[in-house]
């Protein structure tokens with residue numbers, strides 16, 4: 001049920017997996033600062 005910080009998939013909308021991270025809409029996953 002839990003998701004990994006780097007590999008928690010996300011969408012254009014707020015996602016619990018990206019609580020402390022940034023959802024990279026370019027790649028579709030959660031990253032630390034969006035530069036990935």
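The backbone N, Cα and C atoms fix where each Cβ goes, and this holds for glycine too.
If you look up Swiss-Prot, you'll see 3-18, 10-23, 17-30 marked as disulfide bond. What Swiss-Prot records for 36 is phenylalanine amide, and it gives experimental evidence as the kind of evidence.
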Ask   = Within 10 Å of the Cβ of residue 23 (disulfide bond), how many other Cβ atoms can be counted across all chains shown?
value = 21
Remark   = If you measure between the CA atoms of residue 30 (disulfide bond) and residue 23 (disulfide bond) and round to the nearest Å, you get 5
Task = Count, for each of the disulfide-bonded residues 10, 30, the other C-beta atoms lying within 10 angstroms of its own C-beta, and report the residue with the smallest count.
result = 10
